[in-house]
Amino acid sequence: VGFKAGVKDYKLTYYTPDYETKDTDILAAFRVTPQPGVPPEEAGAAVAAESSTGTWTTVWTDGVTSLDRYKGRCYHIEPVAGEESQFIAYVAYPLDLFEEGSVTNMFTSIVGNVFGFKALRALRLEDLRIPTAYSKTFQGPPHGIQVERDKLNKYGRPLLGCTIKPKLGLSAKNYGRAVYECLRGGLDFTKDDENVNSQPFMRWRDRFLFCAEALYKAQAETGEIKGHYLNATAGTCEEMMKRAIFARELGVPIVMHDYLTGGFTANTSLAHYCRDNGLLLHIHRAMHAVIDRQKNHGMHFRVLAKALRLSGGDHIHAGTVVGKLEGERDITLGFVDLLRDDYFEKDRSRGIYFTQDWVSLPGVLPVASGGIHVWHMPALTEIFGDDSVLQFGGGTLGHPWGNAPGAVANRVALEACVQARNEGRDLAREGNEIIREAAKWSPELAAACEVWKEIKFEFPAMDTL
């Protein structure tokens, strides 16, 4: 029988409802909104085809390929509750389609061309199941949660951070001064803002030197190990590595990278360097909302979070649930646990579509940051637990008495919440009272409580289940 040219329906080849998924398959859950008149099976099959071996017409070289071995398969379709023309298409990809240890290649296939596909009005990748066989080809986070605690000698509480503001325009010397004041006041970390790279007002080398000086001075005075996330993100990979190497030569404990704008290839290289050289790696997710904010199109942040755990990072920003940026409680907690835990059961109420076994890939500390202040401390301590970093930028530097008292207020509030929790008190119910009690013996905290007593960022979340 000769080669049969022509166009045939995707569903004839790529829709296989009786397929049993393998332990080695990468599984994806897509939220599909087809164009009017396109049946769900055809749309789901089209997604499977276009993100694996298919093209729009039958080609001669199909005959010299083992399609059964390499094609993606749409194996299940379910309607989305409350949405008329939307459904979840589950697609299984054979492991052989992906290069080992490359998040870049995985995303190029799964979320590459298919998102521009005309037969679909919109497409969103809701979740991925990474099989053990694939996750074992990645190094993952440079160090992980336990190693970080051991390096910093800090146990039994969340870590405290602060992003130095104004984010742009400070000179290196003044920037270092702000870093020193915050660390001296009781914070564990300070942070470069994500867009501080190496601009005319502050070149990277000057910033690194002044921040290192600030950090060593604060360390000597407090007897605690301190860190400042030195942002190594740069225009080229070579320049990024140069900055990371300089940070290591200064002896600082941690560097930082913007993993979405910097790219997964650069991020994975940096993560490998960090593990080899004992640097912790803080990851900022600038640009994530471009990809994950729309409910119908793009990619959910939980997928970006899984990708980061593979690519490598010790901290990642994960929303606050209570501050100024997007994040619903159950959904946020779903991907927070997914970042920290070794094994995670499927749980649709938290947006988790697949059971994920990370087989001892190190965990990532979630970072809560964005519009939070001392009144949020009980809620944050309860929601995120000990394994997290709570970052107060304006909530430290906006203190009426200055940066160091702002840091003191946050540290006192945190220690009060941790102590109350350990005594068995209910942080959700008694939170305000716990903060008020602590403020009685901390004038710095009392002043902070007064400034921010009315501030709220109450808008409904865009991305609901």
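Yeah, the Cβs are placed from backbone N, Cα and C, and that goes for glycine too.
Residues within less than 8 Å, Cβ to Cβ, of Lys165 (active site, proton acceptor) and separated from it by at least 6 positions along the same chain comprise Asp193, Gly393, Gly394, Leu397. The active site, proton acceptor annotation in Swiss-Prot covers Lys165 (among others), and the record cites sequence analysis as its basis.
In the three-state DSSP scheme, His284 (active site, proton acceptor) is classed as strand. Here Swiss-Prot flags His284 (among others) as active site, proton acceptor.
For Asn113, Thr163, Lys167, Arg285, His317, Ser369, the entry in Swiss-Prot reads substrate binding site, with the evidence type sequence analysis. Reduced to three states, the DSSP call for Lys167 (substrate binding site) is coil. Cβ environment of Lys167 (substrate binding site): Asp193, Asn195, Val196 lie under 8 Å away, each six or more residues apart in the same chain.
Among the features that Swiss-Prot reports, Mg(2+) binding site is placed at Lys191, Asp193, Glu194, with the record citing sequence analysis. Look at Asp193 (Mg(2+) binding site): DSSP puts it in coil.
Under the heading N6,N6,N6-trimethyllysine, Swiss-Prot lists Lys4. When secondary structure is read from DSSP and collapsed to three states, Lys4 (N6,N6,N6-trimethyllysine) falls in the coil class.
Summarising the annotation, Swiss-Prot assigns site 'Transition state stabilizer' to Lys324 and lists sequence analysis as the type of evidence.
Across the residues the record lists as binding substrate (Asn113, Thr163, Lys167, Arg285, His317, Ser369), the two Cα atoms farthest apart are 37 Å from each other. Note on proximity: of the binding-site residues Asn113, Glu194, His317, Ser369, the one nearest Lys4 (N6,N6,N6-trimethyllysine) is Asn113, by Cα distance. His284 (active site, proton acceptor) and His317 (substrate binding site) have their C-alpha atoms 6 Å apart, to the nearest angstrom. A simple way to gauge crowding: the CB of Lys191 (Mg(2+) binding site) has 28 other CB atoms within 10 angstroms, across all the protein chains here. His317 (substrate binding site) sits 12 Å from Lys191 (Mg(2+) binding site), taking the Cα positions as reference.
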